[in-house]
Structures are given as structure tokens and as C-alpha cells.
Amino acid sequence: MQIFVKTLTGKTITLEVEPSDTIENVKAKIQDKEGIPPDQQRLIFAGKQLEDGRTLSDYNIQKESTLHLVLRLRGGMQIFVKTLTGKTITLEVEPSDTIENVKAKIQDKEGIPPDQQRLIFAGKQLEDGRTLSDYNIQKESTLHLVLRLRGGMQIFVKTLTGKTITLEVEPSDTIENVKAKIQDKEGIPPDQQRLIFAGKQLEDGRTLSDYNIQKESTLHLVLRLRGGMQIFVKTLTGKTITLEVEPSDTIENVKAKIQDKEGIPPDQQRLIFAGKQLEDGRTLSDYNIQKESTLHLVLRLRGGMQIFVKTLTGKTITLEVEPSDTIENVKAKIQDKEGIPPDQQRLIFAGKQLEDGRTLSDYNIQKESTLHLVLRLRGGMQIFVKTLTGKTITLEVEPSDTIENVKAKIQDKEGIPPDQQRLIFAGKQLEDGRTLSDYNIQKESTLHLVLRLRGGMQIFVKTLTGKTITLEVEPSDTIENVKAKIQDKEGIPPDQQRLIFAGKQLEDGRTLSDYNIQKESTLHLVLRLRGGMQIFVKTLTGKTITLEVEPSDTIENVKAKIQDKQGIPPDQQRLIFAGKQLEDGRTLSDYNIQKESTLHLVLRLRGGMQIFVKTLTGKTITLEVEPSNTIKKSKQEDGRTFLTTLSRKSTPCACSWA
């Protein structure tokens with residue numbers, strides 16, 4: 001079959017080939033026709049560079065298809081592609097590569113289809129048919145990759161003159177790109193544009209979606225109309241650079257001006273003013289930098305990085321640092337940001353306290369690592385940790401130490417990994433992020449160490465409303481801990497919770513395993529609605545039992561209390577109040593049983609039954625009885641006493657009312 005090969009000069013070569021020809025074969029045919037060595041040829045089809053060992057049919061190249069021939073005129077080069085997630089991709093390219101070809105390389109590396117890619121350089125979107133050299137993209141240049149996540153949308157840009165410009169954009173467009181579109185429409189250079197949305201100046205490197213700018217949103221365009229000012233930048237070598245700037249210039253923009261003058265890439269620059277490192281997205285006016293102010297330029301010798309410092313309040317501080325920074329330096333940066341004196345700071349990483357004279361690289365602290373900041377509130381103290389084997393460990397701690405830090409100290413002493421440790425104090429499991437002082441743990445307090453020997457399990461907690469809560473627990477969890485989990489899920493304070501299992505109320509200091517509570521067991525949750533009260537239970541033998549109960553106790557729970565006191569199994573108990581048999585699932589308050597009320601306990605000896613008693617007035621009374629009931633036994637119904645004096649003799653019965 002015939003195929004065509006088009007060169008960058010516009011010349012078209014016709015080749016006779018077969019679908020089974022390799023790309024290497026095709027290059028040999030081009031060499032025969034044009035004299036171009038195969039190692040200087042790169043063939044492109046459908047935006048992809050063709051590999052020598054593959055065949056035409058592998059790429060679905062059919063008769064009269066057109067390949068594009070790109071010559072390796074100058075050696076290759078590396079460029080970088082930065083995504084919105086911050087990931088940087090390195091690509092091997094040539095100046096003659098088309099943008100389409102670059103997108104194909106990105107697809108090969110990242111799997112992103114070319115039609116979902118938009119490449120930005122110097123604030124401009126790159127067109128598929130153009131080459132890298134067309135855009136003056138040189139070695140080690142950085143392109144920005146924006147994904148076409150959703151279809152385009154319209155936004156409006158309103159100028160101070162009242163004119164409104166309509167732009168076609170995508171949520172993933174950068175502000176820099178929007179300014180380029182405004183330049184295309186209005187001829188205003190991007191560096192003279194400031195875009196405002198919701199009262200904020202928009203930063204070039206951010207996207208419309210970062211600012212939640214949606215379709216038909218209106219941005220405000222402010223021009224940099226007033227004249228600039230001079231500032232000075234002093235380097236560590238003592239050299240002073242003079243820059244023409246405006247108060248609205250971003251730090252990023254100032255760094256670009258320094259690059260223009262001195263050739264120092266922005267990512268190697270750190271600018272300091274009034275002891276603070278300046279952040280790229282902020283403006284000179286944000287830092288109150290005025291005319292003839294002097295900034296200090298510090299170079300990132302081995303490439304800076306960002307780390308995070310998390311305080312005990314949960315606040316996270318972002319710091320710009322270098323691997324060679326000492327811990328002392330880092331504390332100084334924290335002081336600049338938060339005002340905390342270095343001697344009150346303790347920095348923790350991977351469970352270890354960091355020493356002032358050491359560097360971040362000494363501790364293998366890398367970009368985006370998180371340090372924990374603990375304040376030295378008071379001097380140190382000793383606490384004890386008791387294991388289940390009876391061994392007692394002595395630890396030197398401070399009230400401001402986190403539980404995580406205590407676990408790290410235990411690991412140092414005993415070799416037990418922190419994730420296998422559970423620390424208990426006053427019946428509560430201690431949470432990693434909290435401090436000893438949060439739990440009022442003082443000098444010479446004793447913590448209990450429980451090992452996570454087996455994985456967790458699920459249990460269920462059923463409320464009186466019928467709702468079932470699922471909890472992830474461990475057999476060694478205390479009841480207090482389970483109540484804390486219920487509070488997390490349902491918001492019920494632990495002191496209002498009573499947990500029942502197998503008819504018993506569970507005590508806070510005991511564990512689930514103490515009660516033989518296993519996976520998928522169901523506990524019953526009873527709320528302490530009002531304070532407790534005393535009631536009486538009268539048996540048929542005349543004995544009276546006193547019980548401590550709450551109005552929210554279920555009848556089932558009352559029976560459990562009777563079992564605890566008298567040893568009578570709940571299924572043999574029948575409780576009567578105001579002539580009614582009480583149902584297990586109902587509460588005392590359901591029956592209006594109040595303090596010092598008396599219930600009657602009837603035993604189910606051989607299974608109960610119902611009988612009917614018909615009065616002379618025609619009324620029928622239903623009674624719950626047992627075959628063992630005597631005829632002379634008195635029963636209460638509707639507040640009256642029904643006395644039967646039926647004789648077991650063969651004579652007709654005589655009935656009387658009292």
C-alpha cells in the first residue's frame with residue numbers, strides 16, 4: 001500500500017509499504033529516498049512518536065495515511081511539566097517536537113488522553129500544531145498542565161470604566177491564562193492587569209476553580225495605573241539590586257524581576273523583609289513594603305521545601321525550609337509566624353524530640369513532612385506505666401507531652417510499636433493527639449498499658465427507640481471507652497448512659513472481655529433521664545425487696561436486678577403493677593411507676609395461661625394465671641380486689657364480692 005510522509009519543510013514523500021513493515025523498515029525506505037539517517041528521523045502519527053520495533057499495523061496505519069517526519073536537528077533536552085496537584089513530570093523532548101507530540105509523551109507517562117490536556121507556558125495556552133521552539137521553550141523550562149475536567153463556561157470581566165468583557169474559559173484555566181485572554185480581546189498587557197473576585201486579588205498561578213469562580217461569575221479588572229516605586233534587594237554577597245516595582249506586585253513577580261536582572265531562578269530565591277520570609281502569592285503592600293525599602297535575598301542552595309508544623313490546638317503552620325536548616329532555625333521561623341519563643345518550643349518528629357544543633361536532613365525530614373509542636377508549659381515529671389504482666393516502667397515526661405510522644409518513649413524503653421499500645425488512665429483510653437495535662441495526669445500518676453493483641457471487632461448498641469449503633473471496639477476496651485465512642489457517634493454524654501448486657505448493668509472500669517462480650521454482641525443503652533429512685537417488689541411469700549432504679553429502666557432490667565438480688569431467672573418472673581402484667585421492653589416511666597411504688601412478683605412455675613371471669617353485670621375480666629394458683633389467691637383488677645372462695649368440692653360454687 002501507499003503511505004505519505006510529510007516533513008516540516010512541507011515536502012511530502014510517497015512510500016510503498018506493507019502493514020507488516022516495522023517503523024525501522026520505513027525509516028530505511030526514507031533514507032533510501034532522502035538520504036536522512038534513521039537515527040535522525042522521528043516519525044509521528046496521530047500525535048504519537050512511532051517506536052522502531054513496532055509495525056504499521058500496530059499503529060493502525062492504513063493506505064494513504066500521512067506520517068510526519070521530524071528531524072533530530074539538535075540533541076534532545078529535558079523539560080518539566082507541573083500538574084495542578086504539584087506533581088512534576090520530566091520529559092525528554094526536542095525543540096522541534098510539536099505540542100501534540102508532547103501531549104502524547106505525557107499520555108505515555110501519566111495516561112492522560114491528549115484531548116484532556118491543556119499546556120500553559122508563560123501564561124499562554126500552547127497550540128497542538130506548533131513546536132516547542134515556536135514558543136521559545138528551552139531546556140529545563142516548566143510547562144503547566146491543566147486538565148479539561150468539564151466543558152467550558154462564560155465569565156464576565158468588568159472594568160473600572162463600566163465596560164463588561166465576556167470570556168470563554170474553563171474552571172481549570174489559570175488566572176495567568178485569563179489575563180492572556182483579556183490581552184487578546186483588549187490589548188492590555190497581563191502585567192498591567194489585576195483581577196479581583198469576592199474582594200480578593202487573584203494570583204496568577206491559581207485556577208478559576210481554586211477561587212470557586214463558576215459560570216457567569218463577574219471578575220473586576222483593575223489596571224496598574226499609578227507609577228511604580230524603587231526598592232532594593234540585598235544579597236548575602238553584599239550586592240544591592242535596584243528594582244522598579246508597584247505596591248500591588250506579588251512576591252512571585254518581584255522574584256521574576258530579580259531573575260531578569262540576575263538570572264537566579266525564582267524557585268532558588270527566598271526573600272526576607274523585617275525578619276519574615278515573603279510568600280509568593282502575597283503583594284508588597286501586604287507586607288507594608290514601601291519605596292526604598294530593602295529586602296534580603298537568600299539563595300536556596302540545595303532547593304527549598306515546604307514542611308508543616310502541627311500544634312496541640314490542631315492548627316497547622318506551613319514553613320519554607322531547606323534540608324540544611326537547623327532545628328534552631330526552624331524554631332526561629334515558628335517564632336516569626338506564631339510569636340512563640342524558641343525556648344518554649346519542643347519539636348517532635350517520628351516520635352522523637354528534635355535537638356537544636358541538628359539539621360532537618362539529619363532527621364530525614366523531607367518535603368511535606370509534619371512536625372509536632374509541644375510547648376514547655378512547666379518542668380518535667382515522672383510517671384509510671386504498668387503493663388498487664390505487672391511490670392512497671394518509669395518515664396520522664398512533661399505535662400505538655402502528647403500521648404503519641406509517651407508511646408514513643410515506651411517504644412524506646414520496651415520496643416513495643418506505638419500502634420500496638422493502648423494507654424488507660426482513670427478508666428479512659430488515651431487519644432494520641434491529646435496531652436498528659438488534658439487528662440490531668442500529674443507527677444507519679446500510673447497509666448495502664450494494654451497491648452492490641454488481636455484485631456478489633458464490631459458490636460451493636462440498641463437504644464430504647466429501637467435504633468442500633470455499630471461500634472468498632474476491642475475486647476480490652478473499657479466500658480467508659482465504649483461510652484465515649486457512643487458519645488462521638490450520638491452526642492450522648494457518658495454520665496447519661498447506662499449499658500446493659502445479659503441483664504447486667506456494665507461498670508465503667510471493667511472491660512468488654514470481663515463481661516465476655518464478643519464480636520457482634522448487642523448491648524442495650526438506657527438513658528439516665530432523671531435521678532434514681534427506690535421501688536419495692538413484693539413476692540407471694542410476703543418478702544419485700546428494695547431496688548435502686550431509674551424511671552428509664554426497662555422491665556427487663558428490673559428483672560435482672562431481681563435476679564442479682566434473689567437469683568430468680570428473668571424468664572420465671574412476672575411483675576404486676578396496678579393489676580397489669582408489665583412487659584419486658586417497656587420502662588418504669590411507661591407504667592407511671594414512681595419512687596416507693598410496690599410491684600408484685602409472681603413466679604412462672606409451669607408456664608402461665610389466661611382465664612376469663614364473668615361478673616353478674618356481664619363484664620368479662622381477663623386474668624393471667626398459672627395452674628398452680630390456689631382458688632383463694634387474691635388478685636387485683638381495675639383497682640378492685642376480686643376474692644374467690646370457690647371450693648374444690650363437688651357442691652356448686654358460691655361467689656362473693658368484698
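The first residue you see is number 1, and the count goes up from there.
Placement of Cβ uses the backbone N, Cα and C atoms for every residue, glycine included.
Listed features, source Swiss-Prot:
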- Lys6: ubiquitin cross-link (CROSSLNK)
- Lys11: ubiquitin cross-link (CROSSLNK)
- Lys27: ubiquitin cross-link (CROSSLNK)
- Lys29: ubiquitin cross-link (CROSSLNK)
- Lys33: ubiquitin cross-link (CROSSLNK)
- Lys48: ubiquitin cross-link (CROSSLNK)
- Lys63: ubiquitin cross-link (CROSSLNK)
- 77-152: domain 'Ubiquitin-like 2' (DOMAIN)
- Ser65: phosphoserine (MOD_RES)
- Arg54: site 'Interacts with activating enzyme' (SITE)
- Arg72: site 'Interacts with activating enzyme' (SITE)
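Neighbour density for Lys33 (ubiquitin cross-link): within 10 A of its CB lie 12 other CB atoms from the protein chains shown. Look at Lys6 (ubiquitin cross-link): DSSP puts it in a strand.
For Lys29 (ubiquitin cross-link), none of the recorded positions have C-alpha atoms inside a 10 Å radius of its own C-alpha, out of Lys6, Lys11, Lys48, Arg54, Lys63, Ser65. Ranked by CA distance from Lys11 (ubiquitin cross-link), the recorded positions Lys27, Arg54, Lys63 have Lys27 at the top as the closest. Taking the C-alpha positions, the distance from Lys6 (ubiquitin cross-link) to Ser65 (phosphoserine) comes to 10 Å. Residue counts for the domain 'Ubiquitin-like 2' (77-152) under DSSP, split into helix (H, G, I), strand (E, B) and coil, are 18 helix, 28 strand, 30 coil. Counting every protein chain shown, the Cβ of Lys29 (ubiquitin cross-link) has 17 other Cβ atoms within 10 Å. Rounded to the nearest whole angstrom, the C-alpha distance between Lys63 (ubiquitin cross-link) and Lys27 (ubiquitin cross-link) is 17.
Ranking the recorded sites Lys6, Lys11, Lys27, Lys48, Lys63 by how many Cβ atoms sit within 10 Å of each one's Cβ puts Lys27 at the top.
Closest in space to Arg54 (site 'Interacts with activating enzyme'), of the recorded positions given as Lys27, Lys33, Ser65, is Lys27, taking the CA atom of each residue.
Across the structure, Lys33 (ubiquitin cross-link) and the residue listed as 'phosphoserine' are spaced 18 Å apart at their Cα atoms. This prediction places the mean pLDDT of the domain 'Ubiquitin-like 2' (77-152) at 83.
For the pair formed by Lys48 (ubiquitin cross-link) and Lys27 (ubiquitin cross-link), distance between Cα atoms is given as 16 Å, rounded to the nearest Å. A simple Cβ count within 10 Å picks out one of the recorded positions Arg54, Ser65 as the most packed, and that one is Ser65.
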